[in-house]
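> Let me begin by handing over the structure; questions about it come next.
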């Protein structure tokens, strides 16, 4: 009996160890691509500093999905903010992954227990608006006393401002934003005497040259619909028309864009991340010479590539002189269940988080883009970018940036598009059939 | 012991049952009724609990959705793939463990490990094993001259991959239950059979199997219900997707997509309800079969 229980304990220990390893692995994977983080680390972030000294202290709860170093950065910002504001205590709460956060917001809304502030993936904001969760920020932004001056508002990066507002109503402000950039293996390119690619033609030539010997020239993330959308835009097509709520991607331009991607994959000069989940790993191993991915992936490419390859990043390739890149990521939203005093306090925190100094520091610590133009002018940021030139790729594309139409049912459309484009790549449907079917199904969902 | 029930004893029993009942009602019974009602919401404001219109359109919608049909088929394939293999393998291992082997508890622990390990950790390890270029499985298959298989990216192989993982993960639980059942069988039956000259195989067929039938019955019901509910393994193995080209889209995954990703609460409830009916029917069939084939000592 004694032996059994000893073994049992040993077994239990092993299990815990395994579980712990698993957890860690997950963390690495997550950090490897913060765009679609998978996280379980819900360590209590509730003990934020802050003395309730003054007469009417206000507490602001802030739900986010940042973990590891990103969470550390947020905690540091919160501490600084709480120290500067005697009456306000911001309480950051890590809710796990983006999926977890969304689910908890759903549950919170249903139970009337929403926090005052939360990080929100941009494409889910239309659902929040449609279900009346959100307080528009205009009354705060336009307030003469606590609002933003015209210069300040103009300092917010245009593409972010546009993606946060609907007909002049601000439902969010940008926080952790990213864009797509082109990562390339400098060693491989030099070996073949090739220049850094600037156009899609270059991409093709380089991919054709370097493919072989276990190396694939070009890589796409599994979520390469962003590249499809960018190509479509460069060709002059429309993905979803926001005004009419209509998907229009099965156009001649859409077919051309999808064919470009499919041809490269069929010829064997490009691949998707596939079972590697994210491109940073095969790229870091040196299996892929170039790939287009999220700028938020820079720190993870760096860790995957360490000791294996030399690499850098640049802006997305142009097509016939046209540049286009999607900007995505997360915004901050304020929920309408909070009381007025809480909302006012929350607004102070939003202003603080998006101030040039903080957003610059956030960018340097997290790899997300600074959300203010002037943030790039701060001395610290300038030195940082000089030392880490790959970070330039993101901010250099602000003017070429666009975002996908924000519509209710956007995630349903994404599921449909991913499914149909997968069938196209598998050769089970032609490009025309797949896109047409995706468009029909998308419109059925959107017009509901 | 078996007094007639009185008000007093009923009340007492009820008090004992109350804590468990409360939990069951709050977390099981109420959600079941609520989601049943929700499956009839056609126009509603979910967050403010206002329903403008009830109807059956959710059911007709999902039954006309090719993806739902696909999910039902995939789930059935999964159940048929996992349950028999899992039961046969775990019975074989349990019988072996039940014989006199040294370090028995060590082996028991080993086999039970997968069951108590987090699905996510298990799925991450298996996604390495299944990797087409760097995976262990293809490496072993290579010894037999089999070309690398795209376990996780080819729709043909994603379901087998999922089944392999699920069988492996579920073995431990089944083995422990089978072992308990095996140890309950009175040794005298075996001795008697031995005296009659029955071979080991005969003893297994004529003594072990019939006397193990209640355990077998229990395991088959639990396994089938669990297999119908598969979700975590898919989510973790295919990195938050339903496999390549939806090849491992199951009914629960469909419910998840509709509810959390697409905000279609009515459709999700209808799909969940259809699943409930399917599982319920299967269990009824099993119960009636059980009456015929299960021997209680």
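A Cβ is built for glycine as well, from the same backbone N, Cα and C atoms used for every other residue.
Remember, predicted model here, so these are calculated numbers, not experimental data.
Feature list, courtesy of TrEMBL:
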| type | residues | note |
| --- | --- | --- |
| TRANSMEM | B:12-33 | transmembrane segment |
| TRANSMEM | B:71-97 | transmembrane segment |
| DOMAIN | B:72-286 | domain 'ABC transmembrane type-1' |
| TRANSMEM | B:109-129 | transmembrane segment |
| TRANSMEM | B:161-182 | transmembrane segment |
| TRANSMEM | B:203-228 | transmembrane segment |
| TRANSMEM | B:234-255 | transmembrane segment |
| TRANSMEM | B:267-289 | transmembrane segment |
> For the transmembrane segment (B:267-289) and the transmembrane segment (B:203-228), check the count of CB pairs under 8 Å (sequence separation 6 or more) and say whether it reaches 3 or more.
yes
> I need to check the long-range neighbours of the transmembrane segment (B:71-97): which residues 6 or more away from its ends have a CB within less than 8 Å of a CB in the stretch?
104, 107-108, 111, 159-160, 162-163, 166-167, 170-171, 174-175, 178-179, 182, 204, 208, 212, 216, 219-220, 223-224, 227-228, 230, 247-254, 271, 274-275, 278
> Could you tell me whether the transmembrane segment (B:234-255) and the transmembrane segment (B:161-182) are in contact, taking contact to mean 3+ Cβ pairs under 8 Å with a sequence separation of 6 or more?
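Taking Cβ pairs at least 6 residues apart, the transmembrane segment (B:234-255) and the transmembrane segment (B:161-182) are in contact, with 3 or more under 8 Å.
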> Check the transmembrane segment (B:109-129) against each of B:12-33, B:203-228, B:234-255 and return whichever range has the most CB pairs under 8 Å.
B:234-255
